[in-house]
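Chemist: Have a look at this one.
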Amino acid sequence: MKLLEERVLKEGNALNENILKVDGFINHQIDPELMQAIGEDFAEHFKDSGITKIVTIESSGIAPALMTAHAMHVPLLILKKSPSKVLNENMYQTIVTSYTKGTSYELTLASHLISERDHVLIIDDFLANGEAATGAIRLIRKAHATIAGVGILIEKSFQPGRAKLEEQGFSIYSQVRITKLDQGVIELMEQ
Ligand code: G4P
């Protein structure tokens, strides 16, 4: 997606070979007009997929996922992160480990908000190792709902997330694909 590629190149800050800071328009401050365009782009890409709900993971996925839900006229379902290990029969729960942050958390989904009649689109800001998306998929499967695809704003294509998801047969659409990061260096894949 041209608009997001331009913003990443202009305002993204590559800290090292692994981390791209996008605090000014995605993570800490959000550009609503950019988010609207992002939502419309996902809606266009997945328009014929029969989607009934958008699913995202708090917190940075919420803004683009909401705009996608708005553009597709479907509800947005948020997977919550919780440190709690308490079992709750009204919740589907799974543990996700973040390699980037070196932490684990419990991802939860309220069971009454999803059913086997749902066909969902997962939206998230970054795809790195694919752990968050894989956790989301585990929860959606517990509900016997089906997955239309995964929409990502920024994919770090040199990390294994895409391959992991494609191996399981999922359709991935990433608006920006980064082939290389280094201090002050951002290289994008031609799309
Ligand atoms: P994975 O889900 O693809 O395996 O990624 P990983 O666990 O390694 O990353 C976990 C968190 O780090 C996610 O945020 C993800 O968005 C973020 N992240 C990964 N790589 C980058 C990067 O290069 N730049 C930035 N800015 N973030 C990155 P999170 O913990 O879910 O936090 P949030 O949604 O509350 O912001």
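Including glycine, each Cβ sits where the backbone N, Cα and C put it.
TrEMBL does not curate its annotations; it predicts them automatically.
Got these off TrEMBL a minute ago, pasting:
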BINDING   LEU20, ASN27, LYS156  xanthine binding site
DOMAIN    32-157  domain 'Phosphoribosyltransferase'
BINDING   ALA128, ASN129, GLY130, GLU131, ALA132  5-phospho-alpha-D-ribose 1-diphosphate binding site
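How buried are these features, and what lies next to them?
Modeler: Counted within 10 Å of its Cβ, the other Cβ atoms near LYS156 (xanthine binding site) come to 25, all protein chains included.
Under DSSP, the residues of the domain 'Phosphoribosyltransferase' (32-157) split into helix, strand and coil as follows: 40 helix, 48 strand, 38 coil.
Within the same chain, residues at least six positions away from GLU131 (5-phospho-alpha-D-ribose 1-diphosphate binding site) with a Cβ under 8 Å of its Cβ are VAL96, THR97, SER98, TYR99, GLY161.
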Chemist: List, in sequence order, the residues of the same chain other than ALA128, ASN129, GLY130, GLU131, ALA132 whose Cβ lies within 8 Å of the centroid of the Cβ atoms of the recorded 5-phospho-alpha-D-ribose 1-diphosphate site.
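Modeler: Result: SER98, TYR99, THR100, LEU127, ALA133, THR134, GLN159, GLY161, LYS164.
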Chemist: Of ASN27, ASN129, which of the binding-site residues has the most Cβ neighbours inside 10 Å?
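Modeler: In terms of Cβ crowding, the pick is ASN129.
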Chemist: Look at the binding-site residues LEU20, ALA128, ALA132 and tell me which residue has the greatest number of other C-beta atoms within 10 angstroms of its C-beta.
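Modeler: Selected residue: ALA132.
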Chemist: For a quick check of packing: other C-beta atoms within 10 Å of the C-beta of GLY130 (5-phospho-alpha-D-ribose 1-diphosphate binding site), how many?
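Modeler: That number is 25.
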